[in-house]
Amino acid sequence: MVNQKYLDKAETLIEALPYIQRFNRKIVVVKYGGSAMLDEELKANVIKDVVLLKLIGFKPIIVHGGGKEISRWVNKVGMEPRFINGLRVTDKDTMEIAEMVLAKVNKELVTLVESLGVQAVGISGKDGGLLQCHKKLSNGEDIGYVGDIEKVNPKVLQDLLERDFLPIVFPIGYDTNFDSYNINADDAACAIAEAVHAEKLVFLSDIEGVYKDKDDPNTLISELHVHEAEKLISEGYVGGGMIPKLQNCIDAIEEGVNRVHILDGRIPHSLLLEIFTNKGIGTAILREDGEKYYDEHE
Ligand SMILES: Nc1ncnc2c1ncn2[C@@H]1O[C@H](COP(=O)(O)OP(=O)(O)O)[C@@H](O)[C@H]1O
Ligand SMILES: CC(=O)N[C@@H](CCC(=O)OP(=O)(O)O)C(=O)O
């Protein structure tokens, strides 16, 4: 008699079959940032998940941040990190630090992927003219070299995917004068997902998902249609970094990305759990005609 433990394993693999079929050769953009980047074990788990997606035939692209690491280095040189509406005030020195730190983080991620036997190429938004931007103002205020993405040239990503590399992107771009700009990583992930017509965009965040009441973790919302997400923003149910994150989710859906998800990057393997099971973790943002699964089935 075969041990039940092994039968359960086989069952788990079979359960994943429809999801593997659905996403075969499809592009999945994973935004990786926040605290999940600071913990080495979590980082290794996230990278293993993405490598697994790649090896079973998905086409993942990682877009990463590293805001906390940038702040650490800004502090190290005796400066004080400053944010306005979730965006880093970026003077020339901060710009230099941000680019250096993100490039370092980028190569660490490339190394992790390569060590698992998958070929990765780390690039910034400057490479191949991927992210062209102009200065972004915050409510009319100049906050330095912060970029608003104007144009995405996805050719470099398409070429890398075509040749079976796993692209890993960090959010620095330039304007038409070739001045460097620091771009919010959520904005970069959203713009890239739209430009490559991703099937799915996943934000690995520092929180479970979107709460109806931002101070009450018992109010996690599993699924949101675009108009409901807009209402949460306009009626003040979401605040802080969740406002631009949710707005990016709405934009991605409106620009044709099929599924957008906010997941808790602190939960080990949250990415795999979301893609391969119907356990419904985090918050899914759905097109208006997208059927809600959990309301209807649970
Ligand atoms: N309704 C809400 N639901 C969830 N998070 C919220 C809500 N309103 C405000 N937030 C805040 O938004 C934060 C997530 O945005 P952000 O810090 O930019 O994420 P990350 O750094 O992971 O990209 C949460 O940690 C939380 O403090
Ligand atoms: C303009 C701006 O704020 N850029 C971000 C870029 C990194 C980022 O977004 O990192 P997380 O995703 O880890 O927050 C910053 O300097 O922190």
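Note that Cβ sites are derived from N, Cα and C of the backbone, with glycine treated the same way.
Unlike curated entries, TrEMBL annotations are predicted automatically.
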Identity of the substrate-site residue among Asn153, Asn177, Asn182 (reference: Gly66, Gly67, Arg88, source: TrEMBL): Asn182
Rounded Cα-Cα span from Lys245 (site 'Transition state stabilizer') to Arg88 (substrate binding site), Å: 15
Distance [Cα-Cα, Å, rounded] between Gly66 (substrate binding site) and Lys245 (site 'Transition state stabilizer'): 16
Cα proximity to Lys31 (site 'Transition state stabilizer'), best match among recorded positions Gly67, Asn182, Lys245: Lys245
